[in-house]
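Structure first, commentary second.
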Amino acid sequence: MVVSAGALGGGRQNEKSYSAISTTGTTWRPTVEPVTVSALDEAQNDSFGLPSYVPRCSSTVPCGNDEPRFPCEEKSKRRQHAKFPQFLYNMQFWRQLEFAARVTLLAVLPTACLVAKYIPLPILTSKTYALSAVVLSSRFRVGEMIEHMFTWLRAGLIWLPLATAAVYVRIGDNFTLWCVFYAVLLFLFAASTGGMARRIFLLLFNICMIGLLSEQDRPLTYPSEVMMNWCVGIVFCVIAVFIPCPRFNTACAESNLGSALRQTGTTFSLMSTCFWSSSNVERNMGMTKARMSLNSIDSQLEEFSVHQKFSFLELLFKSSESYETRTRKAKLTESLRIDLSSLFRVLDIAEMKSWIIDDSELCKKFGLRLNPSVQKVASLLELLMEELAVAHTFESIKNMNKLMEDLREAKESLQREFNIAREELFYKHKLVVFGGVYSVDGVFHFLGCQLHTDTILQFKHSASDWKYSRMDNATAVLRKNITEPIWESLLFFVRVVKERQRRDCQRLIEAVKVSLAMLIAVIVTISMGVERERLSGPNVIAFVSGSNPVEAMQASLVRLTACILGTVLGFLAGTYSAEIVTKIVSLCALFFIGTFFRLDKQYSIMAVYALFVLIPLNTIELSKPSRGASNMNEITTSILIYVFISVVVLPLNPSCILRKKRINILLIMDTTLKNICSLFTSRPGDVSLLGEKGRVCESRLVGANGVGMSTSNHPKNRAQSTCIGSSDAVMNSIYDCLADLSNRLSQTRQFMSYAKDERGLIAVNYPVKACEQINFHLHRMVCLLRTMCESWSALRREREYSSESLHVFRSLQPIALDASHFFSCFVRDLCNALRNPAAALQTELTKTVLDFTRSVEELHLRKNHIMIAVINMAVDSHRVSSSEPAAANDVQNLANTASLGASENKDAVLAFLRKKAMGNLNELHPSVAQEVDLSGSFAMPVSGEDVWGLHTFSVCFQMFANEAKMLLVSVEEMLEHDRRSW
């Protein structure tokens, strides 16, 4: 087929028909009706009848200025003068350099001089204990150093009396009795403690017991001498922390929290701007900035939690008021972060379905009416966050009452504007369809304004209720770091005997592994001919033993690599250093390098282990190469024994532990959703919301002739409204479940890394992305549950429910209960699939998740239809009372319309609801809405708080169902990996 040039648009501008299209043997000419246009229009149209395109860029007319918009050349010129390496501009490099210089000059060098007798103070009885204490105790900030000192003191209160008793009874005379006593106490110490306290317990007790084994005639003060040697190293570490200028964790906590608060205000301003963007591209760009701000808030809060824990110990030097202020500001920031997360999900809907906002006249009118009030709230919130970031006392927070009152007034003004816009755009226009615009808009304002301002006002009241406690800060620190940990260790054994929880049993298994490895290492090294007084292998096991049940197996490779590196460096430095001065210099150089990498996240663990291992091999005393080689063989053999026992004896599967934790999260999530859905029929206080007793006379949406219909503007129905109590035990129980969910979800992060690094006989590619997506979707579901709970809190804060609200709740109650039931079935099948990955439950899981999403969608669509029916009924009731003509016919038509679609076929009903809810985007067209004149006596049947809360609940419920589907996809990918790895 040949197409002429004219058919492709190459003909004249005034051509009114296409050129001929020639085919083999035939010629066909389409008939085009002549178009009557004016001469001007004809000149402006092309051959296809379209307006002619005017080029904006051509060779003769440049598109813009040829000069660069940004001074890139100036930047390149400035960069040419910078000849220094890039890492010199990084502050982390200088912090690591400062830390290494402090420890080397103020801790390692004086300790080495004491050991070498260059400082004439005969306080050290060992060549290695003080230097080992420097490795174990060197810290960068004051709070971290104080925490280590209390851990050291708590350990000394337990191991020192027991070791002294062992010296008193001369337990080293009988090797069998020594082994039994050694293994039993190691097991008790390893089982009852964890973290650094566990390492100190095992390490120092092992030193004393090895000393008793090598020399039976030890004096009774021998354990105290060991303690004194280690205290010397700790004292020098304390000096290195405070000189020349101390670095406090309080300052870091204040900085991180201030940044998080500022980012919170900035993020909300970005989100409020994104919602009313003129184009979806502009919305996408704004959401990218908002997403980065949310990630920044998360990272700042994580760093704050670490520094805040250590800043509690700095109460010995600072006031407790600043600590309490930070604690309450952190709770405020976390609450606002959850609100922002839910608000971001609403913006996701606006981004994916931009036509809901951009192509809707109703949404544009809402934006024109509400956007100034929203921007005022956003600006006040950003200003308030800036003030809170620099407020360090409760008095400074109280001085912000004027700003908080302005925020409260702005929120109330926005609420009034919302109610006025709702009346003008809905009640004064009798709607036939109810699109998703009103839901998304209402949810946005509920999450963005009401929840934020309510959270801040609650923070204001909590700050005003604070009272200064005269209790000594030192007493509080001692109780938290000495008394409570010892009491917790005693309660652990009580739980083991009575409850026998899985986590406690895992601790017992790990304690058995560590004690068994140390005992076997002692026996093996003695059989190798190593002198008993030089046994260092058990010390290494005590120091590198994993405090986490999964870490004991997964981090073995790093520990072994570090130990081998330390043995090689220590052997070379100790063997080829001919003089004591050379040994001191080499020791300081190795400590400087190892301490420099100690603050690095990737190499910190390896640096600490290597430093601890090289000390016995590079002692100040001159040694022969054969002794260094013997120590290296002993350390390597001991660590291999520990690694072998960790992997072979009752190995722990990180993936299995991760699955069990996620199963528990799903079960608690199921319980939480049931409790939230039961709020449709719950009884706050002693008053039944929808029970048989005290039930109000409910209005009927469908009546024969409109009889029996009632609205809240009738005085008799106001008197029959149900009162809501202020104290709500049901909501408190839901919040407790949500707190438990957040805590459990945060604990799964460390197991994700261990499961990723899990090794087996068969090499498989671990689905890292799917594992991260599971955690991501679970986190989103928890945030959505919290937002749904907040929406019900807003609903139940009302002093009374109108009869229309009660009837809406009663109509939606069966659907909500069905949705919670389907989610329970989904959780049940998903947990069974996680317990047994080989089971083929894809069909059951697909069916249950589809039933769940359909129920949630039906609840959302019915809610939309019911709300528009309530609006129209209120308007018709007002018209009937005002004796407007044709009002009764409108009521009858509404009743007939509401009854359409009633069928036993759920799919048909859902299709009908979709058609009713998404019939038209232009809600204010004459064919869709009929304008109604309402007098000043008209009262809305449903309050604005009820509308916001109900819309937020249904929209978040829909997002929750969508996250459940995405969770199923990610879990199926994980299970498929498990099936293929078998």
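Keep in mind that glycine also has a Cβ here, set from the backbone N, Cα and C atoms.
TrEMBL annotations: computationally assigned, not manually curated.
Here is what TrEMBL says about this protein:
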- 397-424: coiled coil (COILED)
- 99-119: transmembrane segment (TRANSMEM)
- 149-169: transmembrane segment (TRANSMEM)
- 175-192: transmembrane segment (TRANSMEM)
- 226-245: transmembrane segment (TRANSMEM)
- 508-530: transmembrane segment (TRANSMEM)
- 580-597: transmembrane segment (TRANSMEM)
- 603-623: transmembrane segment (TRANSMEM)
- 635-652: transmembrane segment (TRANSMEM)
Subject >> Criterion met for the transmembrane segment (175-192) and the transmembrane segment (508-530) (at least three Cβ pairs under 8 Å) >> reply: yes
Original post:
Taking the coiled coil (397-424) alone, what is its mean pLDDT?
Top reply: 79
Subject >> Recorded stretch that, among 99-119, 149-169, 508-530, 580-597, has the most CB pairs under 8 Å to the transmembrane segment (226-245) >> reply: 99-119
**OP:** With the transmembrane segment (99-119) as the reference, find which of 149-169, 508-530, 580-597 contributes the most Cβ pairs under 8 Å.
**Re:** 580-597
**OP:** Could you tell me what the rest of the chain brings near the transmembrane segment (508-530), counting residues at least six beyond its ends with Cβ under 8 Å?
**Re:** 179, 182-184, 186-188, 190-191, 202, 206, 210, 213, 496, 537-538, 541-542, 545-546, 549, 552, 630, 633-634, 637-638, 641-642, 645-646, 649-650, 652
